[in-house]
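These notes concern the structure reproduced below.
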Amino acid sequence: MDGLGSTALKAAALGGLRAWALQRATALVALAFLLYFVLHMVIATPASQAEWRAWVLSRPMQLALALFFGAVALHAWVGMRDVILDYVKPLGLRLTALLLLALWLIVTVGWAIATLFPAG
């Protein structure tokens, strides 16, 4: 196979490999956070609401939570995008589904951050 067919096949394989690698990377980030969280709960469980709040609002935890939420959202995007691209055939419906998915993920991550890190 040479010419345009070969180029298209290589591009499709690269896209699949990129999605596969991104799924694994985001899963590892989420797993690392969850392991840290569980270990912290076993070793140094916050005894009061004030301790929980101080721990969650600490800079390292805020960064870890932001990375976790971002990784989970990106993981969901890649997985659901692949499902939509594979199984939703009409272009208009496909684009609508992708747009709704993107909006839902943005709103969900925004809500999680606003809930965990309120202003003031």
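Each residue, glycine too, has its Cβ placed from N, Cα and C.
Here TrEMBL flags 25-43, 63-80, 92-114 as transmembrane segment. The heme binding site annotation in TrEMBL covers His75. Positions annotated as ubiquinone binding site by TrEMBL: Tyr87.
Distant neighbours of the transmembrane segment (25-43): 55, 64-65, 67-68, 71-72, 74-75, 78; these residues of the same chain sit at least 6 beyond its ends, with a Cβ under 8 Å from one of its Cβ atoms. Cβ neighbours within 10 Å of Tyr87 (ubiquinone binding site), excluding its own Cβ and spanning all shown chains: 9. Here the C-alpha separation of Tyr87 (ubiquinone binding site) and His75 (heme binding site) works out to 18 Å. The Cβ neighbour count for His75 (heme binding site), using a 10 Å radius over every protein chain in view, is 18.
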